[in-house]
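Pulled from TrEMBL:
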- 6-25: transmembrane segment (TRANSMEM)
- 32-51: transmembrane segment (TRANSMEM)
- 57-79: transmembrane segment (TRANSMEM)
- 100-119: transmembrane segment (TRANSMEM)
- 139-160: transmembrane segment (TRANSMEM)
- 172-193: transmembrane segment (TRANSMEM)
- 205-225: transmembrane segment (TRANSMEM)
Amino acid sequence: MTLVLQWTALTVCLACSLWRVPSLLKGRNRGLSWAFILATVSVALSLPAIYLPVDALLGGINLANVVLRLSMFGVFFLLTSRVAAAYNSPLARTLIRGPLGVAVLAISSLGLCVSYVLADVDGSSTGLVAFTNQSAVTAYSWFGVAYTTYAAACVVVATAKATLSRRPVVDRAAAFFLLVGFSLVCATVPLRIPRWANWQAVDIMNFTAILLVALGLALVWWSFIRRPISKNVHA
């Protein structure tokens, strides 16, 4: 089931990236376009069939996993910033793009890189599953989810309010899918604690979250293009 979700998520992210190419070339909302491109890279590198040959090209030292993690940081920074703006949440936007949000991003990125250097991860292993007995890899894993969880939590309230608002049905449906997707990201944290660890559930929840967020953004776009042309001039 996890493998099916991974390939489905990759297909959806790739389709969204291709859909955004014309807008990217025209300089329209480049942040969203890059978010989908980075999401495609992240999901692709979660698949052994893609991760192993890519990491081999990078020296077989699991540098591809660092690329995956940092790409995901970029995805969450770009997407949650735009979600906060779209749902008119100055607080969420400040928490993401303000000093606190930038500090969390910087600390997570630095911690990720330092723990990677300290770990002994010679030999390609998708998800670093062959090295989970190392404390440095455990720290690396927690730094890898610290920022994504923080950013997702910042927009949960904004998307919940939009879901319960009097907006058009399509807009509320989009907000609902985004709400569930970002909530799933936050909900994986307890399942990473050794006592309650369930990595299969974490994987299923993560890739389900990707699909739901992509669906939510697709509905936002559909709602946008259905508006009068005069309101779409800044697409």
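Using the three backbone atoms N, Cα and C, a Cβ is placed for every residue, glycine included.
Where the annotation comes from TrEMBL, it is an automatic prediction and has not been curated.
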Review point. Between the stretches 32-51, 57-79, 205-225, which one has more Cβ pairs under 8 Å with the transmembrane segment (100-119) than any other?
Key: 57-79
Study note, to complete from the structure: Other same-chain positions with a Cβ less than 8 Å from the transmembrane segment (57-79) and lying at least 6 residues past its termini are 31-32, 34-35, 38-39, 41-42, 45-46, 51, 96, 101, 105, 108-109, 112-113, 116, 121-125, 127-128, 144, 147-148, 151-152, 213, 217
**Study point:** Chain residues in Cβ proximity to the transmembrane segment (6-25) (below 8 Å; excluding those fewer than six residues from its ends, i.e. six or more beyond)
**Key:** 32-34, 36-37, 39-40, 43-44, 46-47, 203, 207, 210-211, 214-215, 217-218, 235
